[in-house]
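**Q** I am attaching a structure below and will ask some questions about it afterwards.
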Amino acid sequence: MKSQTQAPLVVEGKLSDSERMKKESNFLRGTISDDLQNGLTGGFEGDNFLLIRFHGMYQQDDRDIRAERAQQLLEPRHAMMLRCRLPGGVITPKQWLSIDKFASENTLYGSIRITNRQTFQFHGILKGHVKPAHQMLASTGLDALATANDVNRNVLCTSNPEQSSLHQEAYEWAKKLSEHLLPRTHAYAEIWLDKEKVATTDEEPILGETYLPRKFKTSVVIPPYNDVDLHANDMNFIAIAENGHLVGFNVLVGGGLAMTHGDKKTFPRLASEFGYIPIDKTLAVAEAIVTTQRDWGNRTERKNAKTKYTLERVGIETFKQEVERRSGVMFDMIRPYQFTHRGDQIGWLKGVDNKWYLTLFIESGRLIDKPNAPLKTGVAEIAKVHLGDFRLTANQNLIVAGVPEAQKEQIEAIARQYGLINDEVTPLRKHAMACVSFPTCPLAMAEAERFLPAFTDTLDNIMAKYGVSDEHIVVRVTGCPNGCGRAMLAEVGLVGKAPDRYNLHLGGNRMGTRIPRMYRENISSQEIIEILDTLIGQWAISRELNEGFGDFLIRTDVIKPVVNSAIDFYEVQEVI
């Protein structure tokens, strides 16, 4: 990456309006409590529209019926999406049954969506049910604080069931990081849980009174598994173990995938290696990284406010040295690590604890009762008898964790009865991913989750035609360039531009360590299928042993690799 060391550490200029909103919010309170009493609208108004994001919610509406309601002179059917804070994705069966009941009784869609940030979210919570939603979470020991907006979001942790002892240590650090970096304001408890206003003044010693310049994402990674897609995150801790126990972390900073169509000052970026730290320095280093980004991040232009742009502007070494100064910790040389897997291992695995772990493939993470496949009910039935816990994965799947040998047959029987196990699911489908997009996401430009099943059906047929059905290609679809579907770490990435129009990116790799380059701009799904039919056919015939699709495209000069995205991401690819 570039190392420009002469740039100003703080960007001068008029602050974005989001900065005004945060400063005037009285530590994230705004007038949310008053808005809750306003029955004239189903939404939150003014600054509250954005402030509720700090409380884990986005205001949405059903875009399928937006035009119809406008014709009837009705406001959009506002409803909230609420996202739980669930570091490491671990949740108990008792907690699961509570959220299952709430989804059935108090949401418009009756579904639970497992996200690729290892948590779950509800879609379609009407305003009158918002406060009960937060109270339900609190009653089970959960909350939605800081799962959106300019804070450290839900902390990811590798969900590797085979390394159960190491996973437990890494998971504990994911929880510690989440708690350490949480907002300290009492606003959440006052507004949603009816806690009395504390007389003392709120302080935010880490995040500051205007919080971070932009969203901030953190992961804890256990090699050789990159299931959390570390390069999508601002701050990453790669576990280094000795004799089966954590001794420290390699620290990587500045990953991120979001961009803006037509704005070449925005681009996806891989995280940069800072160095190795011993385990007891983790929180000090994490805090120093966050506060450096807090102070140096661009608060004048939100499109360039993320950590990745701060590193590009001030230089990697300058940022790293500031982290060392603030933390009092000097980075050591990076310890050796490698990645060999990214997708989840669907099916049963036995852990070192001699318990069993069943990873269930959940397409796009959507748990809903479908005809002939009541998936949501099935998970609830498992929760009623399961003695271990559940783990939500960063690939939007669900692990039934810690199953005793004596219960294994019972758990599998329930899963099969409710359609949660399907032996016909192909490797390509297991590795595919899509964001939510239409009808609920206000930023969606093209279909993603609703588009993915038919798209993967077609690709499966192409794979079968060329005799490569046992192989997989990492295919991801995101409905807009914000990148929630992590298409910028796929071998085949589709980025929505308009209804049935996508930018096609090719040339990422299976491990998620290379950004794909745009191959064609603004083309239809049919055009994409025709292109992939040809290229998959070539790959099937001419690939080398164990050569992935993305690697093949680069070796054969179909696409040029992105080497330094800050410089070469927008280089024009010649049509071949």
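In case you wondered, yes, glycine gets a Cβ from its N, Cα and C as well.
So Swiss-Prot has the following annotated:
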type    : residues                       : note
BINDING : Cys435, Cys441, Cys480, Cys484 : [4Fe-4S] cluster binding site
BINDING : Cys484                         : siroheme binding site
**Q** State the three-class DSSP label for Cys480 ([4Fe-4S] cluster binding site), counting H, G and I as helix, E and B as strand, and everything else as coil.
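**A** The three-state answer is coil.
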**Q** Give me the non-local Cβ neighbours of Cys484 ([4Fe-4S] cluster binding site): same chain, 6+ apart in sequence, Cβ-Cβ under 8 Å, ordered along the sequence.
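**A** Set apart from Cys484 ([4Fe-4S] cluster binding site) by at least 6 residues yet with Cβ under 8 Å, we have Asn116, Cys435, Val436, Thr478.
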**Q** Would you identify which of the binding-site residues Cys435, Cys441, Cys480 has the most other C-beta atoms lying within 10 angstroms of its C-beta?
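**A** Top count of Cβ atoms within 10 Å goes to Cys435.
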**Q** Residues other than Cys435, Cys441, Cys480, Cys484 within 8 Å, Cβ to Cβ centroid, of the [4Fe-4S] cluster site?
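**A** Not counting the recorded site residues, we get Val436, Ser437, Leu443, Ala444, Ala448, Thr478, Gly479, Asn482, Gly483, Gly485, Gly496.
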**Q** Does DSSP give Cys441 ([4Fe-4S] cluster binding site) helix, strand or coil?
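**A** The residue in question, Cys441 ([4Fe-4S] cluster binding site), is coil (DSSP, three-state).
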